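Enquirer: These came from TrEMBL, pasted as-is:
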type	residues	note
DOMAIN	7-124	domain 'Response regulatory'
MOD_RES	Asp59	4-aspartylphosphate
DOMAIN	163-357	domain 'CheB-type methylesterase'
ACT_SITE	Ser175	active site
ACT_SITE	His202	active site
ACT_SITE	Asp298	active site
Amino acid sequence: MENDPKKILLIDDSALMRRVMSDIINHIDGFTVAYLAADGEEGYAYLSKQNDIDVVMTDIDMPKMDGLTLIKKSKEAGVVAPFIVFSAREDSYAVFTALDLGAIEFIRKPEHIFQKDVQRYAEKIKKALCMAVEVKERTLHKAEAACTMEPEKPVIIKKKHRQKNGKKLVALVCSTGGPRALQSVIPKLPKNLAAPVVLVQHMPEGFTKTLAMRLNEQSAVSVKEAAEGDVLKNGHVYIAKGGTHLALHETAKGCEVFFDETPPIGGLKPCGNVMLSSLSHVSYDEIICVILTGMGADGTKGTQELAKHKPVYVIAQDEASSTVYGMPKAIRDAGLCDCVCDLQQIAEEITKKVGVQEWI
């Protein structure tokens with residue numbers, strides 16, 4: 001039944017964590033823990049027999065079968081339930097491997113669970129579960145509509161003459177599904193891209209450095225976690241540090257990174273709107289705003305503010321290739337989009353818009 005609570009499979013080798021997490025989930029309206037498993041092997045056995053699980057929440061480091069093996073085997077077996085992984089701070093590489101394998105989100109394990117922390121942690125879990133249910137519904141819808149057609153060509157919504165002269169800057173914002181989506185964008189950018197890229201991926205502290213390192217290994221452009229005082233250079237990608245708002249201002253050295261220490265906005269820190277708004281008074285002549293997959297509407301308000309001061313060109317990921325069609329939909333619904341395209345075409349659109357430097 002449509003109004004029945006969504007069924008969660010919870011897997012963790014810690015009996016305490018299973019009890020705490022199941023208590024939290026069972027108190028969230030619309031969700032219930034259908035089964036508790038102590039390791040990946042037990043969880044996989046349950047999934048093999050039951051096809052009514054809506055979301056799987058699993059630890060990564062477990063005996064018998066770890067979370068990564070569980071995700072891989074489950075995806076190969078055709079399990080459609082989305083996976084959310086628990087992680088400790090030191091698990092950052094394993095988290096990205098889980099995301100590569102198809103997990104849609106991760107939640108950092110609390111080091112201690114005190115009563116005052118439970119409500120805040122419960123809100124994170126509720127948000128992740130609601131998003132996972134949306135992803136599952138979209139996955140099933142895509143499967144029903146599956147065809148062998150090639151991706152459509154980019155849809156140009158507004159025709160604008162390309163500014164051949166002037167300095168350009170690329171500003172990219174993404175959230176849920178972003179780490180995986182970025183692997184289809186950043187490694188495709190040419191080393192001699194005639195613009196810097198500043199990037200906000202919603203992610204907690206301790207994980208964005210690993211994201212930057214992984215993308216740097218795969219890319220021709222140079223990718224790093226942004227540091228305060230960095231001066232933007234063409235062909236370089238600067239990723240906002242988790243837990244910190246990335247902003248930019250002009251100094252005698254050039255366009256320089258600084259950290260905005262204002263509180264989280266809508267629960268987000270870093271927040272794309274903060275970064276985009278800060279670009280209103282930098283020396284770049286045109287800003288290419290790129291909005292990828294993600295829940296919510298981050299990026300729309302900041303682009304609206306930026307457009308009052310600078311020429312902007314907005315590229316949004318299309319619905320079919322988005323893990324969660326929230327942020328790209330919001331900016332399109334606001335009438336700000338110039339181009340909507342499949343994820344695999346975004347790097348090409350960016351490169352066409354900003355050009356390359358001939359001297360490299």
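Just so you know, glycine gets a Cβ as well, placed from its N, Cα and C.
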Enquirer: Other than its own, how many Cβ atoms are within 10 Å of the Cβ belonging to Asp298 (active site)?
Expert: 28
Enquirer: So what pLDDT does the domain 'Response regulatory' (7-124) average out to?
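Expert: Mean per-residue confidence for the domain 'Response regulatory' (7-124): 90 out of 100.
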Enquirer: List the Cα distance (Å, whole number) between Asp59 (4-aspartylphosphate) and Asp298 (active site).
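Expert: Answer for this pair: 29 Å between alpha carbons.
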Enquirer: Would you identify the secondary structure of Asp59 (4-aspartylphosphate) according to DSSP, in three states?
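Expert: Reduced to three states, the DSSP call for Asp59 (4-aspartylphosphate) is coil.
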Enquirer: Rounded to the nearest Å, what's the C-alpha distance separating Asp298 (active site) and His202 (active site)? Just drop the number here, would you?
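Expert: Asp298 (active site) and His202 (active site) have their Cα atoms 10 Å apart.
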Enquirer: Taking the Cβ of Ser175 (active site) as the centre, how many other Cβ atoms fall within a 10 Å radius?
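Expert: Around the Cβ of Ser175 (active site), 27 other Cβ atoms lie within 10 Å.
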Enquirer: Using DSSP, what's the helix, strand and coil tally for the domain 'Response regulatory' (7-124)?
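Expert: Result for the domain 'Response regulatory' (7-124), in helix, strand, coil order: 55 helix, 25 strand, 38 coil.
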Enquirer: Would you mind reading off the Cα separation of Ser175 (active site) from His202 (active site), to the nearest angstrom?
Expert: 5
Enquirer: Select one residue from Asp59, His202: among these recorded positions, choose the one with the most other Cβ atoms within 10 Å of its Cβ.
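Expert: Sorting the candidates by Cβ neighbours within 10 Å, the top entry is Asp59.
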